[in-house]
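Visitor: Please read through the structure below; I'll follow up with questions.
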Amino acid sequence: MSYAYLFKYIIIGDTGVGKSCLLLQFTDKRFQPVHDLTIGVEFGARMINIDGKQIKLQIWDTAGQESFRSITRSYYRGAAGALLVYDITRRETFNHLASWLEDARQHANPNMTIMLIGNKCDLTHRRAVTTEEGEQFAKEHGLIFLETSARTAHNVEEAFINTAKEIYKKIQDGVFDVSNESYGIKVGYGAGNAGPQAAKPGEGDARKSSSCC
């Protein structure tokens with residue numbers, strides 16, 4: 001299937017917040033309770049429809065460990081959107097958001113759309129970060145905000161699609177020069193396969209088990 005535009009995304013945040021599970025839920029509509037820890041960068045894709053146009057989302061799922069931050073930083077360049085994820089049950093993942101955001105804004109294009117995601121909202125009995133705190137952080141830093149659950153699929157579609165809608169609006173408003181692919185946007189005619197795929201050799205093949213919601 002052909003597409004009008006291709007948008008490149010990057011998913012960032014601490015390890016274990018559910019980045020890979022969000023991607024899997026969005027591309028395959030399934031939840032994997034125990035997910036291998038991402039080493040390096042992995043890849044997924046899916047077609048969506050915005051304003052009657054087919055949009056292909058090409059999504060890079062990054063490792064959250066500090067030792068892989070240099071690899072992650074190289075993927076900020078050429079991304080139109082970023083999903084910045086924390087775990088509502090682990091306060092430290094929220095506390096680290098400022099560092100992730102600083103990285104994103106230092107290495108990405110200044111018009112990149114950033115969606116802040118408080119994941120694992122199904123675990124309300126273990127909540128350590130309030131919804132209001134997430135909303136306030138997003139407001140202070142000019143981000144879009146949603147709470148999601150990769151387990152139940154709550155707001156997962158909305159997180160990816162609302163980010164795409166914001167990017168599409170910026171195209172309509174002339175914010176992006178779509179002929180410049182360094183903005184993470186490509187005007188396209190053909191289409192590729194949707195669904196999680198392996199990253200480049202050596203980037204996603206070494207893994208460890210980790211719980212994921």
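Glycine is no exception: its Cβ is also placed from the backbone N, Cα and C atoms.
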Visitor: Between 35-43, 44-52, 98-106, 170-178, I'd like to know which one Swiss-Prot lists as motif 'Effector region'.
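Guide: Of the candidate stretches, Swiss-Prot labels 35-43 as motif 'Effector region'.
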Visitor: I'm checking region-level scores; what's the whole-number mean pLDDT for the motif 'Effector region' (35-43)?
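Guide: On average, pLDDT over the motif 'Effector region' (35-43) sits at 59.
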